[in-house]
């Protein structure tokens, strides 16, 4: 019984009597006592103060926030305030209690008067259930106990896990489709004419990949890559990209239904964020004046300019990575080490991807501070408004951090680097890198694979290890030494609260952003899973494996490694829904662009229907893409090389006059051929068609699946009807009397 009494525990160092910190601490605790709080002090290596709020505070809360019609029925329901509500109310009052020096708990913590304030993990039936059914590795594929999570951590956390569970469940379908696409690529399309031609091209001599001491090479060297590329770059990918655009919409629509069901069963439809905050302010201070809405165009402009500057910096970092790859490629090519010079392009891409991963980690920290600073400039009115503003900013910054390099690889790489004899150079010296000889989609595939694998494995290991290690260290550090007993001294009885408070204090601290971080991580992962999925069909599978582990890792962190979160109420996942919808639209655009611009799908189709042997005579038994490779390579005369290019004109003992490169240019003056413009037009036409069809299908799916299930609508209707009937009978009764 004794343990359960305390709502919150405040921890402070033991300060000297009469010191400034001690006086400030006493002032704060006196303010709480004036409000009727019970305070209990336990001394150990630190001072622990247990606080318990008086019952009348919760009665006020219930009275202010209960529906008027449910008030008459249960006037005796004043005893049972859920623990989550108790903690939330007490937390609000602690944070907003002002001492006579006009300082709040937040200021006192900055000045090290108090070190921590947290609600307790208590030994109750529900903690046992959660630890058994949820916060352990053995129950990986079991359903989550959402109701129990709600009654222990509050609605906000419960909704996060409900959403994550739902997303993971639907990822199964996307993962199966992705696997099917790769399988189709490996079987049906493995014998494709295009890769066969590359593998047979023993006599096609290609132009050197660098300026100094690079030899010519034969197209058939890239045979293995061509096969791999064709596994992800074929007709099946187009269907899969379309499928993923629809999947993203269906996922959100089904989630809206799920949320509506949950919100109704938890009776959240009438609940309002702002109203609760006002009620809590009034309970804390009856003279409280609400802060009015304000909007300053000047402030918004400043925030906008700073945000744009930040985005420019992030894009600049992506450019730096591009320059790194170009320079690294040139240096590796000239290296004495055979391994480096032979695989220079792959090594440059791989190290580039690792560097990209490191910039992501560093910039995440920077973005965080910038977004917080911008939010302070905006001066949001309420906490939830501030949270929404912060979410949008951090997401946009993180999006550019994660994706600007991928966007470059997908849409610019190999398209802006000129042609032999006239290359675009960085600082007039280094050639910009080109696409991989087997097609640009290979580069995107490698980059996506490296980032997703690194991001998920390393991030998950760190996410679990860091809290676990810090918890173990805190345990060792915080345990006091047992005092040796003096002769004849009676051992005083250990306070039952002391052990529990100490145990909670040893756990890692949580803050407002603990849940936010989890959301951000999954939403960025969702972007990877949908936006460039055409180049990496295995993304949903990796995301699925990650999420199954993530759910239980988060659960173990919350139950066993961290202090209890302050339960927050919410009726949906907030602004994240709009962010997910934006990603859904970006996914349509991104995948359309990948197929139209990055992949070789369109050039092959144009060749088949306009330039192949099939168009000239009727070859029924012939593959229409025969001769595509030869057609897609332009001819370059060696005499036109730039003067400073050092190339060995001999290759395998043969004197070489001309070499080939990937582009559609004339052999005499190197201008674009008519076929280049045909392909360009076809790419644009496909892009417009794909996006319009995909967006129409998205709209139809959104219309077809109602946001709120019939059952829920009928239940709300029934409640309204009963309420009105009751009101009517009351008025009729009073008029008769």
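The backbone N, Cα and C atoms fix where each Cβ goes, glycine too.
Nobody curates TrEMBL annotations by hand; they come from automatic prediction.
Just so it is clear, the model here is predicted, and its values are computed rather than measured.
Note on TrEMBL: of 680-705, 706-731, the range annotated with the feature transmembrane segment is 680-705.
Segment annotation: TrEMBL labels transmembrane segment over residues 236-255 (candidates 136-155, 196-215, 216-235, 236-255).
Of all ranges given (493-522, 523-552, 613-642), TrEMBL attaches the label transmembrane segment to 523-552. Ranges compared are 94-113, 114-133, 274-293, 394-413, and TrEMBL records transmembrane segment for 394-413. With respect to Cβ pairs under 8 Å, the transmembrane segment (523-552) is most closely packed against 157-186, considering the stretches 157-186, 236-255, 302-327, 394-413, 573-597. The stretch from 236-255, 347-374, 394-413, 573-597 that makes the most Cβ contacts under 8 Å with the transmembrane segment (302-327) is 394-413.
Across the domain 'Anoctamin dimerisation' (76-146), DSSP helix (H, G, I), strand (E, B) and coil residues number 33 helix, 3 strand, 35 coil. By number of Cβ pairs under 8 Å, the transmembrane segment (573-597) is matched best by 680-705 from the list 157-186, 236-255, 347-374, 680-705. Within the chain, the transmembrane segment (236-255) has long-range Cβ neighbours (under 8 A, six or more residues past its boundaries) at 163, 166-167, 170, 173-174, 177-178, 180-181, 184-185, 188-189, 530, 533-534, 537, 540, 577, 580-581, 583-584, 587-588, 591-592, 594-595, 599, 601, 690, 693-694, 697-698, 701-702, 705, 707. Averaged over the domain 'Anoctamin dimerisation' (76-146), the predicted model has a pLDDT of 85.
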